[in-house]
Amino acid sequence: MDPAFVPFQPSQVRHRRFCFCIPVRWGTWVLTAVTAVLSATIALATLLSLWSDDNDMPRLAAVQVVMVFVWSGLVIICGFGWVGTIMQKSAWVEWYYEFCWWHLWANVLFGFFGLLLFNMPLSRAESIASCYTVGITQEQLMHLAYKVTAERANAIAATCQNQTQLGVILIDLVWAVAILVELWLVLVVGHYTDELADRDAATQFGVDIENPNPPYHFAGIPPEEGYQPYHSAGKHSQRSHHRRRQ
């Protein structure tokens, strides 16, 4: 390298932020850890529901099995992203970023299909019937009586219907919030992959691929003629960078 060439330093790379002040590296590190915990919790809850004797919706078993694998896979992917963020390994973070997109689309597809099945009238009727059976049994045990009055039975039926309707709404909301949170995570990680790509370019080549007017130039040549600007033709992954001189 020409001794007059003033390289761009990794310490000069712009630190991207989200929510106005939080560095994307910190955000990626925290979000990968939180997502791993939430994914493990959802996978475990789904697995326990699948094995439960009280599972009143056997037609959703296949969807539940797929969701267990999907959420368990995200736990492993988050592990790579978490370690890659700490060690600033762009390849690991980028691998995590790409698989997060695949996981997001899988969640949208299978989650939407599962919600359609859960919202079917037959599925709701099965849920209400199961709730009614449990309610009647509890009423009998509570009063040590074999028969339950018609008034009490109607009240139990109405309660089960309301609970099922509320459950459907809550499941829909939880799924929607989970998709939005994961999408937010993917976008934050995408900005961090940009930052790591800029850092790699500064480390390996001493150039700033983000700034169209970098501060380096060759001595003895006017600044406007002494450098060739570097541009990124679309970032968010290192392999998608096409560095070109203009």
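Glycine is treated like the rest: Cβ placed from N, Cα and C.
The transmembrane segment feature in TrEMBL is assigned to 26-48 (among others). Within the chain carrying the transmembrane segment (26-48), a Cβ under 8 angstroms from the stretch's Cβ atoms is held by residues 18-19, 64, 67-68, 71-72, 74-75, 78-79, 81-82, 85-86, 93, 96, 178, 181-182, 185, 188-189, 192, all 6 or more beyond its ends.
Within the same chain, residues 28-29, 32-33, 35-36, 39-40, 42-43, 46-47, 49-50, 89, 92-93, 95-97, 99-100, 103, 106-107, 110-111, 113-114, 117-118, 123, 189 sit at least 6 positions outside the transmembrane segment (60-83) and bring their C-beta atoms closer than 8 Å to a C-beta of that stretch. Sequence annotations record features per position, and here TrEMBL assigns transmembrane segment to 60-83 (among others).
Annotated transmembrane segment per TrEMBL: 95-118 (among others), in sequence order.
What TrEMBL records for 166-187 (among others) is transmembrane segment.
Taken from TrEMBL, the feature region 'Disordered' covers 218-246.
As annotated by TrEMBL, compositional bias 'Basic residues' applies to 233-246.
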